[in-house]
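Enquirer: Let me give you the structure first, and then I'll get to my questions.
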Amino acid sequence: MATFRTIKESGDFVTVHKTFIYDSNLSAKAKGILLYFLSRPDDWQIYTSEVVKHMNDGQKAINSGIQELIKYKYVHRTQKRNAKGVFNGYEYLVYEKPTEMPFSENGKTENGKSENGKRHTTNNNRTKNDLTNNNDTVSESLKHISNELEMIQSPLKIQEIEELIKNLGNEALDIVKVATDYTRDNNKGINYLIKVLTNWIKEDVDTKEKAENKVKPKKQSSNIDGMLDDLLGSDS
């Protein structure tokens, strides 16, 4: 049986709670990412592009590790809004131990529940339901993009994609999934995804079936550039 001995140095070190080190729910990758986060100053802004520079894992691996930490409550994601109440990106809170979702200043968590577990209501139930469904679609779409492609750092990019999602119709989430998966499979990034969604809106791609038809390879065509032109629209 192999024996490992630790040789420690004094001085340049970080002190962390060891709960997560022995948490069997977490992969070694997730533990390494969490340790990196905890080694940074309390007011440090986390950018996954910066994390990638310090690890040999790719962007997708880092994203999946962060999603793992979110799943097991070591990281919580909250929505940021500007003074006008407009969505302005996400803030990620990092903890040494699994922690329940903290409450915001108005007593609501990210999913809209108040501290006593009751949802805040409005006088117009139909309006509320429409807004809730729309917000849920946007939230789930952004989550899928972050999981399968890359985490979006720029608030302007988030706002741009959010507006595109709202214009995709009732099957927006399914359409976003098709576009995101296609973008990922072709090793493209966020800008490419935005271009695809923009052109699909122009071409009235408002169902999952239409979206899937757009990404299906044409049997009679061997011209890859032509296929991409058809996908993105003639004005790409």
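From the backbone N, Cα and C atoms, a Cβ is placed for every residue, glycine too.
So TrEMBL says this about it:
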- 107-118: compositional bias 'Basic and acidic residues' (COMPBIAS)
- 122-137: compositional bias 'Low complexity' (COMPBIAS)
- 225-236: compositional bias 'Low complexity' (COMPBIAS)
- 145-213: domain 'DnaB/C C-terminal' (DOMAIN)
- 101-137: region 'Disordered' (REGION)
- 207-236: region 'Disordered' (REGION)
Enquirer: By DSSP assignment, list the helix, strand and coil residue numbers for the domain 'DnaB/C C-terminal' (145-213), in that order.
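Expert: Going through the domain 'DnaB/C C-terminal' (145-213) residue by residue, I get 49 helix, 0 strand, 20 coil.
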Enquirer: Across the domain 'DnaB/C C-terminal' (145-213), what is the average pLDDT of the model, as a whole number?
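Expert: Residues in the domain 'DnaB/C C-terminal' (145-213) carry a mean pLDDT of 88 in this prediction.
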